[in-house]
Amino acid sequence: MVLSQKEKEAAKLGLPVFTHHKTEGRPETATTRTTESVGKRELEPQHESKKKKKEKKSKKEKKKKDKNSSKDDRVTLKKEIGLLSACAIIIGNIIGSGIFISPKGVLEHAGSVGLSLIVWVCGGGICALGSMCYAELGVTIPKSGGDYSYVTEIFGGLVGFLLLWSAVLIMYPTTLAVIALTFSNYVLQPAFQNCLPPYIATRLLATICILFLTWVNCSSVRWATRIQDVFTVGKLLALALIIVVGLVQICRGHYDALRPSVAFEFSQDPSVGQIALAFLQASFAYSGWNFLNYVTEEVVEPRKNLPRAIYISIPLVTLVYTMTNIAYFSSMTPEELLASNAVAVTFGEKLLGMFSWVMPISVALSTFGGINGYLFTSSRLCFSGAREGHLPYLLAMIHLKNCTPIPALLVCCIATIVILCIGEMHNLINYVSFINYLSYGVTIAGLLYLRKKRPNLARPIKVNMLIPITYMIFWAVLLCFSLYSEPVVCGLGMVIMLTGVPVYFVGVQWKDKPKWIYRVVERVTYMGQKVCYVVFPQEDPSETEPLTASKAND
């Protein structure tokens, strides 16, 4: 159909064009109307065409809303972790029972008050360096799973599986069990002031606590994050109370142990080995700084909020820890602190008088929030491992309505209860500390390897190379002294990790298994789906990962 010059000008102005040409079999356009459809109607004024444009815009907006609502209706892990909850996850997982107990170990190995305070500040600085490296990895490889996901993506399946194996088998169940026992001991201690709480009572209360928080995490992500927010605020208020009381003591002139002439009086000759052990004790109190990376896919705008949460939380925790230790030394001599099994409780008994009961409750609440945080993050590690095919696929499924990884949460819960029933866990704690520290170094070494292997990879955050190199030097020094001072513990930790090698080749690499094995796995998976009411999450094809998407460009 050929338009005249006038008809073309009318079409440019958005006016309807009348034509007597035959248009049978052609689709009706925005600027043409057939004589049959228009009939004897008069030319519409221009303001009516503007109304139609507005109507079209409103229709388009409705379509966009429908698309967004359809995305929200997908069965997948929901992005419900904002900046506040992200900070609460980091702070809540770092501040557990460590700051209430670890000052004794740091002072014992440092040998003086002044050096112990330097260790606390430097320990926070090292964690800050490591967290900046994890911020780069978190936005470059935006997948939940933390260390495991990054190492698997960079070094391959075997190395990633070994980290996953040791974490699921020993590391997280043991840590959860220890925190749960600390919680139950502090809750029951007021009822058994002249003796230790009964063995069965502490285990039973710890089990009840784990079961309750597992139920909360299975029911709603929002409930779990709200609990984390509330108890993180409670921890900070408890430590703020200690800091304020300590500052009041300093203002009154009670700071003899903090005078430079006294603070650096060593009870023993300082050695590099002892200082390294002091740093290891402090690193236990700072552990958990990388936990937000385990839930990256549930963070709202992770490229913005993940680094922001890290940059807010780590300096805040370092400041709080340093000021808390200064407060301890304002009212306690080094000898009193070394003689105490729970420094915060001794501090409360000495200064708070009739309100000394606040400290045991504060420790209990702090550990309660720590259990919730560990359950939340460790279940996402199981979820990520199953999604990669390194664990049974049932663990990669989520509840149809609540969108929570119920099978993964139940596995974490059961593994923790089994560890609780074993009894003695002190040796396991030492193995856990070594494996945990080893995983940090391997992950940041992966960042250096990725920089060299994939220099053109899109990196929304790119830290200075001196940061990971400095961290790796410090990490290597501490690792060497750990191997030298405790070779048996470190050796057994390596053995525990290496037991995953045959499991990997039999369970993951061996594809031609007998058919009956696949039938059993399918039957168990089907039963698990029915019991837990879970399905595989629906992935959004528009959400592509920079590392995967840019492989063709490198």
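Here the Cβ of each residue, glycine as well, is placed from N, Cα and C on the backbone.
No curator has checked TrEMBL annotations; they are predicted automatically.
These features come from TrEMBL:
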| type | residues | note |
| --- | --- | --- |
| REGION | 1-71 | region 'Disordered' |
| COMPBIAS | 1-11 | compositional bias 'Basic and acidic residues' |
| COMPBIAS | 38-48 | compositional bias 'Basic and acidic residues' |
| COMPBIAS | 49-66 | compositional bias 'Basic residues' |
| TRANSMEM | 81-101 | transmembrane segment |
| TRANSMEM | 113-137 | transmembrane segment |
| TRANSMEM | 158-184 | transmembrane segment |
| TRANSMEM | 204-224 | transmembrane segment |
| TRANSMEM | 236-255 | transmembrane segment |
| TRANSMEM | 275-296 | transmembrane segment |
| TRANSMEM | 308-331 | transmembrane segment |
| TRANSMEM | 351-377 | transmembrane segment |
| TRANSMEM | 406-425 | transmembrane segment |
| TRANSMEM | 431-451 | transmembrane segment |
| TRANSMEM | 463-485 | transmembrane segment |
| TRANSMEM | 491-510 | transmembrane segment |
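Residues of the same chain lying 6 or more positions beyond the ends of the transmembrane segment (463-485) and with a Cβ under 8 Å from any Cβ of it are 126, 129-130, 132-133, 135-136, 272-273, 276-277, 279-280, 283, 434, 437-438, 440-441, 444-445, 447-448, 451.
At the 8 Å Cβ threshold, with sequence separation of at least 6, the transmembrane segment (275-296) lacks contact with the transmembrane segment (158-184), having fewer than 3 such pairs.
Residues 179, 182, 221, 225, 228-229, 231-233, 235-236, 239, 284-289, 291-292, 295, 298-300, 305-306, 308-310, 312-314, 316-317, 320-321, 324, 341-345, 363, 366-367, 369-370, 372-374, 376-377 of the same chain lie 6 or more positions beyond the ends of the transmembrane segment (81-101) yet place their CB under 8 Å from a CB of it. For the transmembrane segment (236-255), the partner stretch with the most Cβ pairs below 8 Å, chosen from 113-137, 204-224, 351-377, 406-425, is 351-377. Counting Cβ pairs under 8 Å that are 6 or more residues apart, the transmembrane segment (113-137) and the transmembrane segment (308-331) reach 3 or more and are in contact. Long-range neighbours of the transmembrane segment (431-451) within the same chain, counting only residues 6 or more positions beyond its ends whose Cβ lies under 8 Å from a Cβ of the stretch, are 130, 133-134, 136-137, 140, 147, 150-151, 154-155, 159, 163, 166-167, 170-171, 174-175, 280, 283-284, 287, 290, 457, 465, 468-469, 471-472, 475-476, 478-479, 482, 489-490, 492-493, 496-497. Of the two recorded stretches, the transmembrane segment (491-510) does not lie close to the transmembrane segment (351-377), with fewer than three CB pairs under 8 Å once pairs fewer than 6 apart in sequence are set aside. Note on the transmembrane segment (158-184): residues 96-97, 147-149, 151-152, 197, 201-207, 209-210, 363-364, 367-368, 370-371, 374-375, 378, 381-382, 385, 388, 390-391, 411-412, 415-416, 418-420, 425, 428-429, 431-432, 435-436, 439, 442, 496-501, 503-504, 508 of its chain, located 6 or more positions outside it, place their CB under 8 angstroms from a CB of the stretch.
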